[in-house]
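Structure record follows, encoded as structure tokens.
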Amino acid sequence: MDIKEKIEELRAELHRHNYNYYVLNAPEISDKEFDDKMRELQDLELAHPEYKDENSPTMRVGSDINKNFTQVAHKYPMLSLANTYSEGEVTDFYERVRKALNEDFEICCEMKYDGTSISLTYEDGKLVRAVTRGDGEKGDDVTDNVKTIRSIPLVLHGDNYPSSFEIRGEILMPWEVFEELNREKEAREEPLFANPRNAASGTLKLQNSSIVASRKLDAYLYYLLGDNLPCDGHYENLQEAAKWGFKISDLTRKCQTLEEVFEFINYWDVERKNLPVATDGIVLKVNSLRQQKNLGFTAKSPRWAIAYKFQAERALTRLNMVTYQVGRTGAVTPVANLDAVQLSGTVVKRASLHNADIIEGLDLHIGDMVYVEKGGEIIPKITGVDKDARSFMLGEKVRFITNCPECGSKLIRYEGEAAHYCPNETACPPQIKGKIEHFISRKAMNIDGLGPETVDMFYRLGLIHNTADLYELKADDIKGLDRMGEKSAENIITGIEQSKTVPFERVIFALGIRFVGETVAKKIAKSFGDIDELRQADLEKLISIDEIGEKIARSILLYFSNESNRELVGRLKEAGLQLYRTEEDMSGYTDKLAGQSIVISGVFTHHSRDEYKDLIEKNGGKNVGSISAKTSFILAGDNMGPAKLEKAKKLGVTILSEDEFLKLIS
């Protein structure tokens, strides 16, 4: 596998994990594994700037936006924090701050509570809006649900607060409430929540506020924004906020030295296990707001803060058996079934084994005592075997299966890949259902009223066997089914009918062609007039398209070489989907930026970064991630990074403001 293919593979993998984490609330890997993959991708992109892509996961924050809520723009971008698991990197952060400020400073150390982020807006002492983090620039308005959380004041105490301000924090589900909720779900034979974070996030997105109220969510607030804040100190502002009625952690501490910072980290690395809520690290912030402003931001995170993540906990337990799960792409994942063991405050009974190489490397046998970790405190995995605990009665060696556990097809393994795949795309149940779930998702066909449970029911009843079958459903076919009244049935049919107006690029993405994500789908839609042109394209034509390499091109060719796929696309075409480029799709396209490479940097007022990327592409320009002598100009918002500014000046690259850019393309 060459470097470009490795970068593309990591991007595709991280995009998938972002979606699972932020949209589905169903993470497949731990925080640490995600961070490690992200860091690997960042290192590769840094070493190979020729493959930089503004749509790379390294350039985004992630999203938890839900189409069932109104989306609201954040007045101040809600950025994520840079993460580290290393004390050495904490020292590096401290030294960077010291050198940049060249004056005395304090570090505010706070518990990193493991819940779901929220932004609360107060006007004249009353709560007027509660918005999730979303993609950092806009989030879901969940005000009604947040008003059910008793630790969040609806009306403030006193009268010395600003007339309008924003306060941010974390919505949490205490361990005790989480465990009781899972006991209730288990009794009803419903899927359990993986952890309190998922439970809090899922609860906040419920449509029924009375159920939200019953879940007993809690909240800690940790940052004030706005004009006329009472103090320059972040810590001091939090103490004032506590007087107004906000729940502020009393564990927060101001540190004068790096030694004090490490004392705080080391103490809570042990004592956090005794807290009533989940934590996964310590947040370090420069205390002075003036100094924070001077340090500024990168595109993704503030330079004045960092999150130190605690190392994973480990426990020893017995391996009872290994089962296998099949995903949408046919990837087969081995799962270890274990004796129940307490780990990071939850009971662990299953752990991921990832792939055949991991199983072979561990030399696993049934009955082995194995070490289980929860990297980043979420997904358990087996990291080792206590071979000294083996008796002379060694259990059966675990060998990766050769046939699909769902349909019996012989598994295959693509060159250069660790996973095994079931090739039976059109008749393997988990693949069929997974493809339909991808097809109906928000970023694809966005079909209202349909979700995984409904898809599963329709499939079990034989109503659908592929995505094209959706367009043959009638309201009479589905009304009267379990929890499916006449109104619900009509809403689903209406949603399916409305999806016929979804533009060509999203239909291409919805097809689920391997390695064809949103960005590649856009490139394809711009390069081909309709699906027939794409189907007839050869390798040479495909790889001539910007950002489509041989790996993606061969995947497209493989997809259309399958007769079942060609038949499916034909049926979708007959159903009336937009498998062609319309004049509306191409409206707004110009060549005003043709041949120009443009870097976006900073925080913007008029449009989001993604909207500016679209404007650049629609006007014939190319988004690039790093500044070089070939850069045509930089579109700069507020808080442009000083390193980029210095490099631009050194290379003589033009810097345009938002207004100048909009005038240029008008």
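Using the three backbone atoms N, Cα and C, a Cβ is placed for every residue, glycine included.
Note that the structure is predicted; figures quoted are calculated from it, not measured.
Feature annotations, courtesy of Swiss-Prot:
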ACT_SITE  K112  active site, N6-AMP-lysine intermediate
BINDING   D31, K32, E33, F34, D35, S80, L81, E110, R133, E170, K285, K309  NAD(+) binding site
BINDING   C404, C407, C422, C428  Zn(2+) binding site
DOMAIN    588-666  domain 'BRCT'
Can you tell which of the recorded positions K112, C407, C422 lies nearest to D31 (NAD(+) binding site) in space, using Cα positions? K112
For C428 (Zn(2+) binding site), nearby residues of its own chain (Cβ under 8 Å, 6 or more apart in sequence): V326, G330, C404, E406, C407, S409, C422
Would you mind reading off the Cα separation of E33 (NAD(+) binding site) from the residue listed as 'active site, N6-AMP-lysine intermediate', to the nearest angstrom? 19
One should report the C-alpha separation between R133 (NAD(+) binding site) and K112 (active site, N6-AMP-lysine intermediate), rounded to whole angstrom, as 16
Most Cβ neighbours inside 10 Å, all chains, among the binding-site residues D31, E33, D35: D31
From the Cα of K112 (active site, N6-AMP-lysine intermediate) across to the Cα of D35 (NAD(+) binding site), what is the distance in angstrom? 16
NAD(+) binding residues D31, K32, E33, F34, D35, S80, L81, E110, R133, E170, K285, K309: largest Cα-Cα distance, in Å and rounded to whole number: 25
Centre the Cβ atoms of C404, C407, C422, C428, go out 8 Å, and tell me which other residues of that chain have a Cβ in range of the Zn(2+) site. V326, G330, P405, E406, G408, S409, P423, N424, A427, P429, P430, Q431
For the domain 'BRCT' (588-666), how many residues does DSSP put in helix, in strand and in coil? 28 helix, 17 strand, 34 coil
